[in-house]
Amino acid sequence: MSYTSLLSGCCTFAAGLAVYHFCSIYLMNSISNDTTRRRLRDELVQLELDKTQLKNELQKQKELRQQERTGRTSAERKLCLRIQEVQAKTGYRFHAIANVDSCFSDRRGTPRQGHLVPSSRAIIRFQRSVPPASLECLDEFSHIWVLFTFHGNTNLSKQDGAANSFTAKIAPPRLGGMKVGVLSTRSPHRPNSLGLSLVKIENVCVTKREISVSGHDLVHQTPVLDIKPYIPADCKPDFRCPTWVSESGVDCPVVFAPVALEALRAIMDARRCRFYDKLADAQDAIKQMLVLDIRSVHQGRGRRNEHEYNKTNEQDVPVFNCRFDNLELRFKTFADQIRIIDCHITPPSS
């Protein structure tokens, strides 16, 4: 065999071997790719099954949540109706959130409306259960409504547990004995002993939970149920009211006897008052209070005394008294003036 033939045979063998090797690799890769595709296809099918299962589980949980919410709402509605039924029979229960530290020590002298004594002062002190943050931004308002209870009413024991134990008609002092329906008045003796007063904000101390106010008609230690800011919508310029509401009534000047004025001056110099440190401020508040004729109806409230100060024996005129701040005031009502004859310190109300 020639060298050329041998070389040609070797080349042919090598070429055949290369073709065999290439075909072997291709065949092996084909088999491997098919296996991978089958595995991936199986995994994809499983993922689809898992996805469907999760969707079904999610839908089931949503349905259970909705059933739970529906059941809870239904139960809460039934409970609310039950509570309303019980409250309608036994009465509603509210808790005071604050108490008033007032210049009006008791009911006598407390005006029927706060604006009648604009110099009156008080501090609304909130209980510790009221978060200080509740008072934030309140100082941006000038006035607030105060919802309170007439805790000093003498008929509270009769009202307790009796829905109809109130007088339907009363006789306001300005009507000279004529009676009107109690709900057409501001009388404290009402079906429910609730009061509503508009007062001016003087200062708000958030950290101390206190609101200093003026122009009020709140007795010392009055329980406060709620407060609300006064807004423009509260003012209705087209309102109407009876003439006996807008009439000023008896209007006599209030004067201090020299001895009473000196006593008040000494008290102010000693800083014995809780709400006033200037003589003029205390005088103004006392005069604004007494000019309203704070006597009871049986004592002649709303009627002028027949005795004029300079034309009668002062001993013939009865003496009345009232408390204001830490003061005990004694005064007499004449036809032409209300005269304060004495002023001294008295222990503060508890």
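Here the Cβ of each residue, glycine as well, is placed from N, Cα and C on the backbone.
The feature coiled coil is assigned by TrEMBL to 37-67.
Under the heading domain 'TsaA-like', TrEMBL lists 94-239.
The transmembrane segment annotation in TrEMBL covers 6-29.
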For the coiled coil (37-67), would you mind checking the mean pLDDT of the predicted model?
82
Lying 6 or more residues past either end of the coiled coil (37-67) yet within Cβ distance under 8 Å of it, the residues of that chain are none
Which numbers of helix, strand and coil residues does DSSP report for the domain 'TsaA-like' (94-239)?
23 helix, 48 strand, 75 coil
